[in-house]
Amino acid sequence: MHNYFNLKRFGLLFMKHTVEHYRTYLMSASVLAGVFLLGGSFIFYMIPGPVDAGFQMAIFGVLILIAGPLFTSTIFADLGDKRRAIPILTLPASQLEKFMVSWIYSYIIFLLVYTGVFYLVLFILMNLKPWPGHQSEILSLFQDKFVLVMMLFSFLHSVTLYGAIRFEKLHFIKTGFSFFIFYALLILVNTVFVRFIVGRPIKPVMPFSFLNFQDGINFYSVGLNAQQSAWVFIVVPLISLLFWIAAYFKLKEKQA
């Protein structure tokens, strides 16, 4: 077990990574805050009314699903440069410790920084443009929609983390391209499979989504019940876990 994970060695590796990259991470956080502030100012200016919690949740979700994979795709960028990759791969630390440092920074610390910056900018903007007589609404993360956002974020993080290790150059572009190719193939295969089962022409359909088809002049849309839909919250996290495991073994393969 000592060869796989040692808390003291992990702590030293974490501190080393922090010292070497804190300037880049601070700059990234500043850029994120700037994007939030400029984009948020434009939205608050254009909307002729108070921004409710539902809209705040939509903005929070969309931006984290974009910013998260972008940041994650850079976490193993040094592996694409042989000159910088050799010192990383030959560090006296286990592959699990190296993987966990990058995972913590790209997942946990990113979430904390992103959420903190989002709320800070939201607080500033809501105080710059108050609405007299209206009780301001602040986004609460303790809701079902946040669970869905976190599930999607975890899935995209796991895929992007694997791509960051798998590809040596243009990590984000190659991962995104591969993802959308697989996504298109998944829709195609699932549509053919469902069409074979129902025995009639149907619209393209994703797993666990609505089945849409037309019968004469009538259009039908068939969905899953609540119990069946709950499988999404089991399958997607399991896929995310498998991609994280695959990413770890891919890093282990590079160091071998």
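Note: Cβ is positioned from N, Cα and C throughout, glycine not excepted.
Straight from TrEMBL, the features:
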{"type": "TRANSMEM", "residues": "25-47", "note": "transmembrane segment"}
{"type": "TRANSMEM", "residues": "53-79", "note": "transmembrane segment"}
{"type": "TRANSMEM", "residues": "100-126", "note": "transmembrane segment"}
{"type": "TRANSMEM", "residues": "146-165", "note": "transmembrane segment"}
{"type": "TRANSMEM", "residues": "177-198", "note": "transmembrane segment"}
{"type": "TRANSMEM", "residues": "230-249", "note": "transmembrane segment"}
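Within its own chain, the transmembrane segment (25-47) has Cβ neighbours under 8 Å at 59, 63, 67, 71, 105, 113-114, 117-118, 120-122, 124-125, 128-129, counting only residues six or more beyond its boundaries. Most Cβ pairs under 8 Å to the transmembrane segment (146-165), among the stretches 100-126, 177-198, 230-249, belong to 230-249. Counting same-chain residues at least six beyond the ends of the transmembrane segment (177-198), those with a Cβ under 8 angstroms from any Cβ of the stretch are 159, 163, 204-207, 211, 213.
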